[in-house]
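Each remark here refers to the structure printed beneath this line.
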Amino acid sequence: MEKLALTCIQVKSGAVALFSNGGEVSAVLSALCRTLHVPHLDVSPRFDYTANQSDSYTINLHPSRDLIDQAFSQLTGYLNWTRMGVLYEDYGYGELNMLNVAADGRDMYALRCARAADYRPALAQLKAQKVKHLIVDTDRRQLHKLFRANNADSGMVTDNGYFVEDILIIITIIIIFDIELFDLEDFLYNRVNMSGWRLVDRDSDKVKDTLQVMEKFHPIGASILTGGHIKTETALIYDAVQVLALALASVKEVHPANVTCDSDAPWPHGKELRDNINTVSAHGLTGPIEFKDGVRTSFKLQLMRLAGGEGGGSVVAGQWSPGEGLAVTDPAAYMRDPPPNVTLTVVTVEEKPYVMVKEGWNLQGNARFEGFCIDLLARVAARAGFHYRLRLVPDNMYGVRDPVTGQWNGIVRELVDRKADIAVASMTINFARETVIDFTKPFMNLGIGILFKVPTSQPTRLFSFLNPLAIEIWLYVLAAYILVSFTLFVMARFSPYEWSTSTHVCGHETKLLTNQFSVCNSFWFITGTFLRQGSGLNPKATSTRIVGGIWWFFTLIILSSYTANLAAFLTVERTVLPIQSAADLAAQNQVQYGTLNGGSTMTFFRDSNIDIYQKMWHHMSTTSPPALVSSYEEGVRRVLGGNYAFLMESTMLDHRVQRDCNLTQIGGLLDSKGYGIATWKGSPWRDKISLAILELQERGVVQILYDKWWKNTGDVCNRDGKDSKANALGVQNIGGVFVTLLCGLALAIVVAILEFCWNTKKNATQGRQSLCSEMGQELRTAMRGGSSNSRTVLRQGCSRCSPATHVPPAPSRYNEVTSLELLYPGTYTRHQLQQPHGATSDLIAVCR
């Protein structure tokens with residue numbers, strides 16, 4: 001009541017605004033000012049004002065509790081806190097408000113500590129819950145009591161961050177904003193990682209200039225400062241006065257309130273002044289200042305961390321603002337310094353090229369191992385600051401949870417039981433493992449691929465030279481060949497320009513009309529032009545020349561296409577894979593497939609909700625013989641044995657494929673994941689190792705190690721080397737051409753014999769000689785090489801010529817021509833002219 005009476009006196013005396021710094025007086029002033037319409041400026045972080053109400057006249061310069069909760073939530077998320085404790089006093093933020101920090105599912109244990117005697121029991125309870133991270137909301141004067149309770153009877157926190165009896169605190173975040181005003185001497189050497197927020201940027205020029213002015217005003221100004229620093233509460237009051245001054249300057253006319261608590265009449269200028277305060281935008285000692293409905297929405301919190309050791313103090317590690325969120329500028333500040341000479345137990349699994357045991361060497365300890373992970377571990381340990389003792393996991397398993405018992409095996413079990421500190425291997429990061437152990441940032445990204453044996457080349461056919469064109473194209477070419485030949489024959493007989501006249505003596509002078517394009521000659525002309533050879537025949541008419549020209553164009557395209565494809569078909573080895581993707585695997589039963597038993601790939605298929613992968617898992621888990629293998633080596637051997645596809649991580653798949661030309665990858669990747677270094681849950685080494693991995697990746701060290709163990713080992717399969725030449729063509733490639741040649745020669749010999757026999761029989765009949773005599777005469781003439789023209793005699797019956805008259809054979813050019821049968825009754829007589837080799841030529845004799 002005394003404070004209320006004093007407030008009424010201030011208002012009655014003409015105060016245009018009231019200030020408060022928390023406590024019960026803030027609630028009293030808020031209610032009074034709402035009635036009297038007098039602006040109320042509060043600087044308390046813990047006052048539950050009703051600023052969001054439209055009739056509220058309270059404006060709070062302290063950052064709102066909701067925004068501070070967001071800052072804490074982002075910070076604990078950045079630090080990956082999954083389990084934390086909260087200690088608060090009865091006047092503090094309280095359990096309900098701090099539980100907002102854990103709204104995303106993180107475990108939080110909030111305990112109230114109203115007295116100093118409550119600290120030790122509270123710490124013991126948090127230890128029982130295996131809580132290693134602590135948030136403290138307490139008065140700064142109680143901070144020393146908290147740490148004394150933490151250290152009493154048990155000494156200080158150990159160097160490795162573990163409990164000593166009921167010692168708990170590893171990281172302490174203090175909600176108050178005056179960490180720099182504490183006496184931190186007791187904490188500099190205790191290896192306590194203490195952090196807090198700072199609202200006043202003491203390094204800014206505005207703050208430095210203001211503090212220098214304050215120090216000149218003795219004793220009032222100097223008494224405000226503490227060790228050269230200003231309290232957050234004092235800075236907020238300073239900014240509140242500045243905000244009020246700016247608001248008053250923008251009001252056109254203002255008179256003193258002159259209102260009383262006994263009257264319900266409000267101050268008429270109060271609403272205008274309140275609205276002006278809400279529109280102020282300034283930059284004070286606490287940073288940028290802006291309001292929305294009485295709530296401060298613009299500010300910047302600096303994240304301060306206690307730097308231990310001699311000459312230590314608080315240093316800036318990052319900042320947070322409502323618009324930009326958390327930005328940690330010094331990630332290394334949250335990595336605890338490694339204990340001196342600490343040796344960690346590292347477990348691994350032997351797997352090429354990640355971890356391999358050297359053969360033929362009498363080595364001990366870590367020197368027994370080599371590989372990508374071994375080199376990576378050495379560089380990580382040098383940067384993280386620890387020594388290590390390496391050993392293989394007994395069951396040689398990465399770790400999978402038994403769906404019946406819920407127990408883990410392999411590496412995961414070793415870490416869960418704390419038998420090992422970290423695990424370095426080709427270990428996949430997945431959700432199931434992340435629930436029981438921790439992983440660092442991935443050092444390698446990968447996915448699931450399908451390993452398969454390269455199919456053997458298809459047996460080469462004897463007539464492989466026909467492969468460049470499909471069978472239907474060959475049939476179309478044959479049809480075109482016949483069609484064009486008959487078209488040329490018909491065009492030549494209908495066109496008068498294809499006929500020619502020659503003079504022949506048959507007792508009397510005779511004129512003969514001849515046509516060179518008989519049926520046989522038409523086919524011969526088309527054949528010669530198709531094979532790019534001359535035929536001795538030349539079209540004369542425009543129509544026949546058009547037929548010939550379009551046929552030449554057709555053969556140009558066909559032969560060019562054939563020649564271009566022939567080189568590729570005969571020199572490039574073509575293989576046909578029976579499967580092309582995971583869907584092909586799931587849709588067939590001929591090729592068996594499986595994966596590593598107890599690995600993350602098996603877990604991927606077992607727990608997948610995709611129909612194809614569920615079908616594949618059912619096949620792998622029920623087929624006989626078993627599709628799951630005990631090691632990658634066994635899986636590769638089964639692939640090389642044929643009729644088996646192995647599902648494995650892409651990095652290992654690349655390593656195998658690059659070293660064995662009989663192996664290949666089918667399709668793309670089925671998923672995307674990464675390899676990481678594993679630690680037991682809550683290990684302080686995880687973040688330190690993650691930073692080391694990120695540094696190695698940025699420097700390109702990880703890529704160098706990858707090239708060393710994947711590409712530069714000397715046993716890489718050369719599939720497409722620069723010195724490789726085209727495959728030489730063998731008999732199996734073009735032997736068909738020789739067979740075709742022999743068949744053509746044989747056919748020509750048979751036709752020649754038939755022609756010889758037919759001509760001999762014909763001559764014997766005309767000459768009234770025996771067949772044997774005529775055949776002997778023909779053989780003797782052929783063997784002597786005599787000209788057939790000198791012995792060929794035509795015996796023809798012409799009504800005006802004597803039958804005894806011998807007509808010399810037609811000139812040799814008639815061997816290639818024949819006559820068109822244009823018989824005009826009563827004018828022409830048809831004769832048959834005997835030509836060499838028994839051929840005949842139709843002609844029309846004009847006898848005079």
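Each Cβ is built from the backbone N, Cα and C atoms, and glycine gets one as well.
What TrEMBL says about this protein:
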| type | residues | note |
| --- | --- | --- |
| DOMAIN | 343-712 | domain 'Ionotropic glutamate receptor C-terminal' |
| DOMAIN | 353-417 | domain 'Ionotropic glutamate receptor L-glutamate and glycine-binding' |
| SITE | R401 | site 'Interaction with the cone snail toxin Con-ikot-ikot' |
| BINDING | T428, R433, S600, T601, E649 | L-glutamate binding site |
| TRANSMEM | 473-492 | transmembrane segment |
| TRANSMEM | 550-572 | transmembrane segment |
| SITE | I579 | site 'Crucial to convey clamshell closure to channel opening' |
| SITE | R606 | site 'Interaction with the cone snail toxin Con-ikot-ikot' |
| DISULFID | C661-C717 | disulfide bond |
| TRANSMEM | 734-758 | transmembrane segment |
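Features recorded in TrEMBL, as mapped to the structure shown.
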residue	record	Cβ neighbours (10 Å)
R401	site 'Interaction with the cone snail toxin Con-ikot-ikot'	17
T428	L-glutamate binding site	23
R433	L-glutamate binding site	24
I579	site 'Crucial to convey clamshell closure to channel opening'	19
S600	L-glutamate binding site	23
T601	L-glutamate binding site	23
R606	site 'Interaction with the cone snail toxin Con-ikot-ikot'	16
E649	L-glutamate binding site	25
C661	disulfide bond	12
C717	disulfide bond	13
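Calculated from their C-alpha atoms, the gap between T601 (L-glutamate binding site) and R401 (site 'Interaction with the cone snail toxin Con-ikot-ikot') amounts to 13 Å.
Each residue contributes its Cα atom, and for S600 (L-glutamate binding site) and R606 (site 'Interaction with the cone snail toxin Con-ikot-ikot') these two points are 10 Å apart. According to its DSSP assignment, S600 (L-glutamate binding site) is helical. I579 (site 'Crucial to convey clamshell closure to channel opening') sits 27 Å from T428 (L-glutamate binding site), taking the C-alpha atoms as the reference points. Put simply, R401 is the one of the recorded positions R401, R606, C661, C717 whose Cα lies nearest to the Cα of R433 (L-glutamate binding site). Other residues of the same chain near the L-glutamate site, with their Cβ within 8 Å of the Cβ centroid of T428, R433, S600, T601, E649, are Y398, M427, I429, N430, G599, T603, F604, K673. Following the DSSP three-state reduction, the secondary structure of R433 (L-glutamate binding site) is helix.
In the three-state DSSP classification, R606 (site 'Interaction with the cone snail toxin Con-ikot-ikot') falls within a helix. Residue pairs drawn from T428, R433, S600, T601, E649, the listed L-glutamate binders, are separated by up to 17 Å at the Cα level. In space, R606 is the closest of the recorded positions R401, R606, C661 to E649 (L-glutamate binding site), judged by Cα positions. Among the recorded positions listed here, namely T428, R606, C661, C717, R606 has its C-alpha nearest to that of R401 (site 'Interaction with the cone snail toxin Con-ikot-ikot').
Geometry remark: T428 (L-glutamate binding site) versus C661 (disulfide bond), CA distance 27 Å.
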